[in-house]
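Undergrad: Below, the features straight out of TrEMBL:
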type: DOMAIN; residues: 8-117; note: domain 'Cadherin'
type: DOMAIN; residues: 122-218; note: domain 'Cadherin'
type: DOMAIN; residues: 219-327; note: domain 'Cadherin'
type: DOMAIN; residues: 328-451; note: domain 'Cadherin'
type: DOMAIN; residues: 452-560; note: domain 'Cadherin'
type: DOMAIN; residues: 557-683; note: domain 'Cadherin'
type: TRANSMEM; residues: 698-726; note: transmembrane segment
type: REGION; residues: 785-858; note: region 'Disordered'
type: COMPBIAS; residues: 812-828; note: compositional bias 'Basic and acidic residues'
type: COMPBIAS; residues: 830-839; note: compositional bias 'Low complexity'
Amino acid sequence: GRRTRLLKDLPATSTVEENSAAGVLVYNFNVTVFPLASEGVAILPTIVNSNPLTEAFDIESKGGLEYRVVTTGNPVLDYETMPKSFDLQIFVEDTTGRTDLNILTIQVTDKNEHPVFRGNMAIQTVTIYVLEGTPPERIYQVDAADPENAKLKYSLLPATVPFLIRESGAIFSTKEFDYEKDPHCYFLNITVTDPDGLNSTKTVNINIININDERPYFTIKQRIYRIPEEQSPGTIVANITAKDPDDEDSPSRLFYSIQPSERYFSINPATGVLQVTGRVDRDALPLRLHPNISLIVRVEDGPSSGHASEMEITIIIDDINDNPPECNPSVFRKEANENTTPGTFLVDLGNYCKDIDVDPSNNQFSFTRLSGFGSNNFALESTVSGRLVMTGTIDLENPANPGVEVYTLTVKVQDIAHPNYSSKYLFYVSFDNIIYIYTRIKPVNEFFPVFSNLSYVFNVSEITKVGSSIGRVHAIDKDWPPTVITYSIVAGGGTRDYTNIFWISPTKGEVRILARLDYETIQKHIFIVQASDQEKSTTASVTVNVLEVNDEEPVCSPNFYSFLIPVSLAVGTNINGFRIECQDRDSDPRSFRYFINEGNENSHFTFSPSAGSNASQLILASSFDYESGLDTNWIYSLRVYITDDNLLSARDKTTHLIKTGTVILNIRVIPNPTTAITTTPGFTVVTKRENLYSASAWYVPFVITLGGLLLLTLLGYLGFLLLTWLRTRCPPAGKAHGTPLFQFTFCVSSQTMTKLNTVFDGEARDPVTGRMYEFNTRSGARRWKKSNEPLQPMSAVQVTPSATDNSSQGTDRAEAASKKEPSEKKIELTAATKPAAKPSAGQSETPGQDGLRLQKQK
C-alpha cells in the first residue's frame, strides 16, 4: 500500500506513572481515513515494535476511529529498575491499502513508594531471645531500604519498653533483665519512614530466657546405710532427694550421678533412687578386706553443665553364710596294697577343705556319713579332723573277695551354721591287682595278639570312591585284664606317587583307601598290618586285588581340525584325506563306534567305518544344494562322539560303564566364483577404504543450503531496513523525477548432491578358478576384474555456488552430466522512492513510501 498520514495526533510524547495498574490511560489518538475508504480501517492501530522491547502497553478502541494507549500491568512499570522511556511504533491501514506508521514516546515518571524491609523481617515476624543477666547491648539490626534511595528514619513503639532503636536501625536493650522479676516477653513495633512521610511497620518479638544461677541442695540427712551381701540386682538401698532454688514453683529437673561410676551400685539419674546393679560378694576381694563402700553422689541442674552439689554416703556390707565348704581337689585317688594293716592312714580331708565365708560363725564345717560299697573297710577318725584310715584287711586271692578293684566312698562335708550348706566328695581308693601282699608276683603280659586269619584278601573295584571301606582285620589278646589292641600298617601299600594309599583304623582294624585305584597301573597291592597291645605285637598280610572297570575314555588324534572344501566336492570323497585314530587303555581296538552328535545339518558328513575299528575316515555323504535353498549354512562345526560300547550286548550296556571321547571338526564350504551369496568372504586379500558420500547423511547439505538461504534473507531484510532509514532521514534531491535512489539485486543458487554409483573397493582371488574378482565391502556385490584394471577410485562431488545465471550450475567430476539435477532461483528486490506531497504547516516532513516489488525469474 501507499503511505498516507492516517494517525492523527502522532507522533507525540506522553507520560505515565510507575506502578500503574492495568488499563491506565496513557494517550488518546484518532485515525483519519481517506474519503474513498468507506469501510474504515482494514488493520486496526497496532503496536508493531517498541524501543526498548516491552509488552507493558496496548491499544484499545474507544469507539469509531478513536483509540487510546493503556498499560497492560504485565510487566508493572518500575522507575527504579526499568527503562524510563519507551518509543512505540504504531501501524494502521485503511481499506484502500493506505498505511501509516508513527511513533508515540512514553516517559515513565517516578512515584514515591513505601519503604520496604529486607532480610528476615521482609518474610516473617522476627523473634529474638535474650538471656537474663545479659548487660545492655545491641540485640538486632533492622534492614530496610527506600525504593527512591532516600534516607529513612526508624522508630519503636511502645516507648515504655526497655529497648531503643538507633538511626542505623540497630535495636539495643537498655537494662539487665531478671527472669524472675521482669516480663518474659516483649512485642516491639518497628516503623521505618521516608522523608515524605510514607512508612512501613513490622513486629519484633523479644523473649527473655531463664538461666540457671542457683545451686541445688540435698534434702536427706542419713549418710550411712547397711545391707547384707548377695542382694539381687535392682534392690533399693536409698532414695536420694534434692531441690533446686530455681524451680521453687515447679518440680525440679535434677540429674543424679555417682562420681566416679561404681561397679556395685547405680543411681537413677532422674529420680535419685540408689540400687544394687552388680554382685556384692563380701567374701571376695576387695570387700573381703574392706567391707565399707563410700560413694560420692552428685546432683546437677543440667545434664552437662550447670550448678551442682555433692554428698558422700557410706554403705556397709554384712557377711552371710552363703558358701558351702569346698575341697580342692574334690576327687581323691589313693592306692593301697592288698593285705594292708588295719589303721593305715590314707588321706587327711581337713587339709584340702575350707569355707570361704568371712565371719567365723559362718565358716565352720564337719565330715560325716562315710558310705559306699565296702565302706566297712574304712573309717573317719573324727568328724572334725577328716582323717580317713583303713579298718580291715583286703585279700584279692581270697575266694570270698568280691573282686572289686575300686571302692567308691562318699563323705559329706557340712556347714555347722545355718543354713547348713554341704558338699559330697568321691574318693576313689584303688587296690592294684598286680600288687600282692608280701609274696604276690606282679602280673606279666604273657600272650601276643593273634589275628583271626593269617592273611586277608580284599577284591576292590578300581572305581571305588576314595575314603571307602574295603575290609576289616581283627585280633584278640588272652591276657587279663584285657588290653587295648592298636592296628597299624608297617610295610607295603604304596605306589610311585603315594607312600601309602591305604589307611587302617587304629582301634577297629577297618581298612580304607586314600587314593584312586587304577587297574591299568597296578592290579594288586600287598601290605603288612600289625596288631599291638603296647608291649607285644604280631603281623598279618593283606592283599588287595583291583578289579578292572571300563573307566577310561577313548583318546583320539587329532581331537580338533579345520577344513576348507569346495561346494562341488563329489559324494563319497574322503574329505581332505582326513583320518582319525583312537586309543583306549581299557578297551579293545575293535570296540569303538563313531557318530556325529551335533552340527551335521542335512547329514552331509559321515565316518567310514562307523564301528569296529580304532581308525575311521571323514566322508562326504551327500552333495550341497544352496541354489534351491536346501542348504544355507556355509560353516559346519561337527561334534564327533567316539564310544567304546559297540561290543557289549544290549543287556550288558545296562550294567556296564560306557565312556565317550569327543572330537571337534570345523568345515568351511568355499563357494564357486559364480555362486551368489549374501555374506562377504572371510579371506580378503586386498582391502582399500575411501571416504564416500553416505545416503544416510542427506541432511548435511540440506542444512547447509537452508542455513545459507536464511542468512541471505536476513541480510536482504537488514538492507531493506537500512534503505528505509536512509530515505526517512535524508530525502534525495532528485526525488521529483521518480528515479529510484537505490536498487540492488542478489541471487541465491543451490544445487543438490548427485547419487553415487556402486564402488568396488576390494579384490580377492577365487580359490577354485584362481581368477581375481572385485567386491564392495558394504553390499557384498561382486564382479570379475578386467585385466590391467586398477581399483576404482572414490567419486568426488563438487558444488560451486554462483551469483549469476551462467555460473549457478554445480559440476560433478565423478559422474556423467545426466546425473546432475541443478536448480536455481533468482530473486530481485527493487526499492524505489517517490516524492510525497508537501507537508502542511506545523507538520514534520516525512517522505512517502512505495511498497516492495518482488520479481521471480526462472
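Our numbering is plain: 1 for the first residue shown, then up by one each step along the chain.
Yeah, the Cβs are placed from backbone N, Cα and C, and that goes for glycine too.
TrEMBL labels come from automatic prediction, so no person has curated them.
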Undergrad: With helix taken as DSSP H, G or I, strand as E or B and everything else coil, how many residues of the domain 'Cadherin' (122-218) land in each class?
TA: 1 helix, 46 strand, 50 coil
Undergrad: I'd like to know the mean pLDDT over the domain 'Cadherin' (452-560).
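TA: Overall, the domain 'Cadherin' (452-560) comes to a mean pLDDT of 89.
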Undergrad: Just give the helix, strand and coil counts over the domain 'Cadherin' (8-117), going by DSSP.
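TA: Within the domain 'Cadherin' (8-117) the tally stands at 0 helix, 61 strand, 49 coil.
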Undergrad: Using DSSP, break the domain 'Cadherin' (452-560) down into helix, strand and coil residues and give each count.
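TA: Secondary-structure breakdown of the domain 'Cadherin' (452-560): 0 helix, 51 strand, 58 coil.
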Undergrad: Could you tell me how many residues in the domain 'Cadherin' (219-327) are helical, how many are strand and how many are coil under DSSP?
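TA: Summed by class, the stretch gives 3 helix, 45 strand, 61 coil.
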